[in-house]
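Have a look at the structure below, then the notes.
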Amino acid sequence: MEAKVEEKEPEPVENAGPDAPVRLTPMMEQYIEIKAANVDSLLFYRMGDFYELFFDDAVAASAALGITLTKRGKHLGEDIPMCGVPVHAADDYLQKLIAKGYRVAVCEQVEDPAEAKKRGSKSVVKRDVIRLVTPGTLTEEKLLDPAQANFLMAMGRTRGDGALALAWIDISTGTFRVAETTPDRLFADIMRVDPRELVVADSAFHDEELRPVFDLIGKAVTPQPATLFDSAAAQTRIQHYFNVATLDGFGQFSRPELSAISGAIAYIEKTQISERPPLMRPEREHEGGTLFIDPATRASLELARTMSGNRDGSLLKAIDRTVTGGGARLLAERLTAPLTSPKEIALRLDSVSWCLSEQTLCEALRLELKGVPDMPRALSRLAVGRGGPRDLGALACGFEAAGGIASLLDGALLPDELAAAREAIEKMPAGFAAHLDRALADELPLLKRDGGFVREGYNSELDEMRALRDQSRRVIAGLQADYIEETGIKSLKIKHNNVLGYFIEVTANNSGAMTDTDEAKSRFIHRQTMANAMRFTTTELAELESKIANAADRALSIELAIFEELTAEAVAHADSIRAAASALSVFDVSTALAVLAEERGYCRPHVDDSLSFNIVAGRHPVVEQALRRQAANPFVANDCDLSPQRDGGDGAIWLLTGPNMGGKSTFLRQNALIAILAQMGSFVPAGSAHIGVVDRLFSRVGASDDLARGRSTFMVEMVETAAILNQAGEHSLVILDEIGRGTATFDGLSIAWAAVEYLHEKNRCRALFATHFHEMTALSEKLERLSNVTMRVKEWDNDVIFLHEVAKGAADRSYGVQVARLAGLPEAVVNRARDVLHQLEAGETSGKADRLIDDLPLFSVMLQQEKPKPQIQAKDSELANAVAAISPDELTPREALDLIYKLKELAGKA
């Protein structure tokens, strides 16, 4: 965005009388006219070196940005609010506004003030909106997270049958995908992609069946005219955008898919105005190709973000060892959309295995990868006119790193996925890479208007202009020496003043050499005669003067022309550049997952089409990493075998009982995460893993309410459980934690009981079901594919030690009172709870409720004095000190025996 001189604002017409309303200036009239066409956006109105905002826009922006609200002129008798942001810092302010959910229309001066004056002294410089900045259409580096895709999504729908499809585009990288969906899958499919913005037709936005989904998504939904989604006009729109005569090479798309594609492209055309970001051809995703994970499961498993919205603490953060922005985005994409094809999963696992077997080579690859900039995003900025010299430099650096990687891989025997990636890297535009290397300077400015980004020696005229601009004195001195040699006048000087400019001056006595012959007169043109000197010029000197005066402007003009030439060449090679960049991301992800596997001791899973689910010594990847970081006790690994009994497994459902704080929820989550990691193509935190492909993953773990929609925690739990029971199939994996809590005990037990029976008999899926309803363990006698397992604990002197080990069998207690004590509840409350528990367990509540109250007065604990803690006697202290001084690992067997006798002696004295 280059600065332009602000034109002088024409004055408003004089009032006709004292009561006449104040007229707006022509500039403000222009603002109101442009704003009327962009009512849903804040209008950044260019005035000189600032973007100004007026009226309600100014009030909203000043509050959102924390900038001063001032005023300028009046309208209808009221001051016009105004605020502004400097053009050079506009990206910083746009970032804040977009984050707060605003859309911004950027209005630029589209003519020079001098041109406006030619139309009359009161003419206003022409302005127009050149771009709409929305969350889903960002390209600027400052506005984007390098590790996260920035998708714009459009929903298409056909009239009549109401069939649905989604198309999503990241204009910062050119990624373009499309897939069909259904109303019951719509929210899950949207959340899998996690778009920054969702555009839908007005009619669909107000559809009663779909509106609840849009309400959940909130501000990210942007309704648009239904004409943008016309599937009948989609073919023409696609052909026009991609500049092709036919769509034969694009594949076949359904009508709802065409509607979605049309809506996405139309919205890009609408927001980018005259620019056309280069996009890949839309790639169709087939239903069932990826693991279906519903939104509740995605949130509770904290795949990409924690429940509080942070990246730290998520599975993605725990496994990310990538070193490039493209690699980080590819890793996130694979994690959020695991595959369901064992063959495709094996291809990815082969890549990781190869990297583990070639660690020295892979270390060298990662060093090269660290030098790879974000080539796709640099290319997109260049294509839409928002790029700078450093974006060209990013391409050059990427080509250099790609060349280094290709050299490292030369002759290597690669698995299929990496072999294809190497081939794409080798097809990068080597000629263009060499061109960039010749053209670009080593140090590049941020903005092209600053110049200095073209290498010396690349363009002879540019070198000359720079020499004139930077070394004019040396050039003049050289010309002066030439004239001295030509005339033989050693006192000849070339001087400069504001009247004559550059001129040649000689003494009157020496002037004859310049005037005596016709040849000399034609060569040296007389300018001025002084008392003791004469002044001349030459055609050469006049041209040099003109060149010096215009050298800076000409130098910048040449550089800008070279920039446009290089940009056009980059866009022409967009497909091969993107292919090479994608290939580099594949190498980044594969080597990163190998580093993770080596670092954490992960194993290669065996994934097939069976119903097996046998995890040996599995671990929770996030919790394990947190424990290591805290230097705490190592994570306790556990087995999980949900394989069919015919395959030697324990059955399809594990009913897990055990204490609070025992690790049930962690165990449930870790097995779901292991399945996700395996199917995304990663090694897994286990001793071994055999997983039959999971087609749908459901979880109900953790408690949350939805007060905004009038749903209690229990209601949310029931809705999510209903979705699981209605959708899970034989190849699904279900994890359920404490279903039935939040209501009366027998109600909850009944619901949990019936749910397990339904999972076993109807869904017939693999499932982990954790519960505190110990009565349910009797189901193992009735349901042949159900096994009881429990979290082991050890009791010691009224305390409970959580072993975090899963073992066969059933728990008969939940140790809630002990956990309450550990949590710091007052001792009197803990004691009272223990007494009540004993009464309840003795079955003495079958009578009236007041019997328990009479026997154990509820509030009597408040009147009781806390028992004083026993004082440690001297002898007790001596015994305690002796025990505390023991270093068990340093004792020999003989020393240990002697110590036992000593401790027994001290205990006897006590």
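Glycine residues also receive a Cβ, built from the backbone N, Cα and C atoms like all the rest.
Note on Swiss-Prot: of 1-21, 274-294, the range annotated with the feature region 'Disordered' is 1-21. In the three-state DSSP assignment, the secondary structure recorded for Ser665 (ATP binding site) is helix. Long-range neighbours of Lys664 (ATP binding site) (same chain, six or more residues apart, CB within less than 8 Å of its CB): Leu656, Gly658, Asp737, Ala770, Met791.
When secondary structure is read from DSSP and collapsed to three states, Gly658 (ATP binding site) falls in the coil class. Cβ-based crowding with a 10 Å cutoff singles out Gly658 as the top-ranked of the binding-site residues Gly658, Pro659, Gly662, Gly663. Long-range neighbours of Asn660 (ATP binding site) (same chain, six or more residues apart, CB within less than 8 Å of its CB): His772, Ser814, Tyr815, Gly816, Val819.
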